[in-house]
Amino acid sequence: MIVFENVTKHYKSNIGLDDVSVRINKGEFVFLVGPSGAGKSTFVKLILKEIDANKGKIKVRGEDVTKFSNRQIPKLRRNVGIVFQDFRLLPKKTVYENVAFAMEIIHQSPRTIKRQVPQVLSLVGVGTKAQKYPNELSAGEQQRVAIARAIVNNPKILIADEPTGNLDPETAWEIMQLLELINMRGTTILMVTHAKDIVDRMNKRVIAIEKGRIVRDDIGTYGFEEALAKMEVTMDTLQHRRQFNEKLKKGDL
Amino acid sequence: MFRRFFYTIKQAFLQVFRNRAMSVASIFAITAMLLILGLFFVIVININTAATMIRQDYDSIEVFLLDTTPKEQADTMITSLKGEAGVEDVTYRTKEEAMTELKTRWGDSGYLLDSLASNPLPNSIVIKINSLEAADDIAAKAAALDGIEDVKYYKETVDKLMSATRFVQLAAIVIMIFLIIVSVVVVSNTIKLTVFNRAREISIMKYVGATNWFIRGPFLAEGIIIGLFSAGISVGISAFVYEKVVDLIGKDVFAVLSTPMVPVDFLTYNLVWIFAALGVSIGACGSIISMRKFLDA
């Protein structure tokens, strides 16, 4: 779905990405983590061709976006849904209009729009709020609308840029469940985040970037210490189980 | 295609309405510019008609005959003058005809001429010329004829008038171009404010995959709508004011320049097209210029 081949992006004064190669497969749910300024935003901007790489190839759905002309960018973005930390809903449009607008852009017929928008709104759980304006909704609901807008055109890829950054832990977790649901329906999801607890709890593939390089790419938790911590827990559990088994054998229980 | 067109128009009207304050500000700005332009247009078009009328009046040489010169001698003169190059027509005008013409020209004040005891105007020969270049020669030949009192020929007056007219026209065109540039700048700044208000909206549209023309369309239509509104208002105001002006001083202008002012209907008809075209292009240019920066990103 998304392939980076030796991608380097230098800014005037610092490095964005340095010789990064990575492959994100169809249907995957991937976390992109790392400290601020590590290159996460650069990674996302390169996929959307907001900026151009200095070196390397970036393939999105098999097509090399580094070779795309400016006129092809809209087409690329229609295949990649995006959700932001600050929701970015249009304040003067209703929830319904905010989602319908994404379909109007690709010239869907009014009939299709009328059919599909309510479906998507109820899928993300704000079916009853269609006629409300964004400022009448809670942060979690606004993010749901933003997700509805991102997926209404059935993109194969959904990029979520810190989607839980403005939400309390409980709401954040609800949004994660929604994203997982979308992932299970076949959409590849790339989520940029700082939220350790969420990454740990989801137990998905994690790509960690630091100073423009990928420092870790495996399934599991946010960081190395956490991984160790988790291993201790696991060893504890194993020890307990061993003791339990021994007790069982001895007939102490 | 149609769907897209209607989407654009609908969005444009929504935008105009939702950004009422800005739209009204833009409309005021364009209307003001159009009114100033209209003022110049009115002046220029009136000077033009006056100039044409005056030229028509004066592109002839009048040969005044002595009262003692008989009609037969005048006829011989006419025949010989008709043979000259650059002469279009030669006619004989009796003193009575000259008096009637003068009365018409004086219009309402014509009655003053009735008090004259005898007609002081001479019989004359009127030579219509078709090229001003030949005028000097013809005038000289006419002056050499016997039995004439004077040759009246207005070349210098006409020349002076024409160069004055040309100067005024040129000045007006320069000022109009300047005003158009100023109004495009003013409008693009006003629309830039509305675009700036929606910079976020534009960036979201780009993220969702809208093409530049899709984004530009409603803004362009918005500019055009604003331009058309301004044009309508300007036409209304100018027609109204011009009508009043014609009512007030039209007769005086006629008395002084002996040419009528351009009729209100004719002017209004022209202004509708000119203002509509200008309003639309100012609005469209304004919005395209103001959006450039936001679409480049």
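Glycine too: its Cβ is placed from the backbone N, Cα and C atoms.
These come from TrEMBL:
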TRANSMEM  B:21-45  transmembrane segment
DOMAIN    B:61-151  domain 'FtsX extracellular'
TRANSMEM  B:167-191  transmembrane segment
DOMAIN    B:173-293  domain 'ABC3 transporter permease C-terminal'
TRANSMEM  B:219-242  transmembrane segment
TRANSMEM  B:271-291  transmembrane segment
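Sorting the domain 'FtsX extracellular' (B:61-151) by DSSP state (H, G, I as helix; E, B as strand; all else coil) yields 44 helix, 22 strand, 25 coil.
According to DSSP, the domain 'ABC3 transporter permease C-terminal' (B:173-293) comprises 111 helix, 0 strand, 10 coil. Regional average pLDDT for the domain 'FtsX extracellular' (B:61-151) in the model is 78.
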